[in-house]
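Engineer: Grabbed the feature section from TrEMBL, which reads as follows:
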TRANSMEM  6-31  transmembrane segment
TRANSMEM  43-71  transmembrane segment
TRANSMEM  91-109  transmembrane segment
TRANSMEM  147-165  transmembrane segment
TRANSMEM  177-194  transmembrane segment
TRANSMEM  206-223  transmembrane segment
TRANSMEM  235-257  transmembrane segment
Amino acid sequence: MFVVHGMAVAALFMISLMMPIFSFLLPVYKIKKMKELDFRQKVLINIIAIMFIILMNPMLLSIYIGFFIVIELFYYYFEKINYSVKKFDRITITAIVVTAFMAGIFILVKKDVDANLGTLMTMYQQRTNFSMEDVQMIFKELKANSLWLMFTYSMLCSFMTYFSLDKKDYANWEVSYGWVLIYIITFFMSKIFKIDNFYIYNLMEIGKVIFIFFGLKSIYITLNKILKIRILNSFIAIFTSVMFPFAAFVIGVLSGFKINKVLFNEKK
């Protein structure tokens, strides 16, 4: 049983690398399947999975530990120890910690990445048929936005993990409005005081992403009260959040402050 679970975890890990959008399936599988196992059994399965990952590529081990193990551990921490934390705060805190781990890993391998950057750009150019100028611009933008892009990916995986495991109380998920201070402070530093650098810009975007996700949740819940077609409601909520991120951000902030509920109650 342990070997089968270990192999399944390793297989899901590789699928996550090939199709990042399905990364949440790994922590969901582990939490669901290993729910009744004790601590030693969980450790044993992780050791087996780690052995398979090392056999495939030892360099991938840091991603497995820094990304997936962190999501799993924080889920257990909030469920069993600090369960008073609001559900959406759990998602956000998990995403922040995962982003910090991944940023640390990136810093450690930065020299190797820089040394092979020319080769990576050439390979990308050959596969996409873009001009080298376009490829250089793409890589430049990725570097400038790397921190908030990592956070967005971490937030997506954390969000989908919680949604898959705890969707019964999805409508009751709440967020601490204090998170909006990340956006407000960095916005003033950038726009008013003209302090603009990599960290200010990326932190401002991170503050925005938090409430875009909460806005997505709020749009979905509101639509469910009007329409009873959940698949359509999911599509509309995702489409709105992707195509009109600032609108989703505003909705998320209003929902976080519960201003939307006050307005609806006044209308009633």
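Every residue, even glycine, has its Cβ placed from backbone N, Cα and C.
Since we're looking at a predicted model, the values are computed, not measured.
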Engineer: Is it true that the transmembrane segment (235-257) and the transmembrane segment (147-165) have 3 or more Cβ pairs under 8 Å, skipping pairs fewer than 6 apart in sequence?
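Structural biologist: These two stretches do not touch.
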Engineer: In terms of Cβ proximity under 8 Å, which residues at least six beyond the ends of the transmembrane segment (6-31) contact it?
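Structural biologist: Those are 45-49, 51-53, 56, 60, 63-64, 67-68, 71-72, 75-76, 153, 156-161, 164-165, in sequence order.
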Engineer: So, do the transmembrane segment (43-71) and the transmembrane segment (206-223) meet, by the test of 3 or more Cβ pairs under 8 Å (sequence gap 6 or more)?
Structural biologist: no
Engineer: By Cβ distance under 8 Å, which residues at least 6 away from the ends of the transmembrane segment (177-194) in the same chain are close to it?
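Structural biologist: Result: 89, 92, 200-201, 203-204, 206-208, 210-211, 253, 256-257.
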Engineer: Short question: which residues 6 or more past the ends of the transmembrane segment (206-223) have a Cβ under 8 Å from it?
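Structural biologist: Sequence-remote neighbours of the transmembrane segment (206-223) are 88, 91-92, 147-148, 151-152, 155-156, 159, 170-171, 173, 175, 179-184, 186, 232-234, 236-238, 240-241, 245-253, 255-256, 260.
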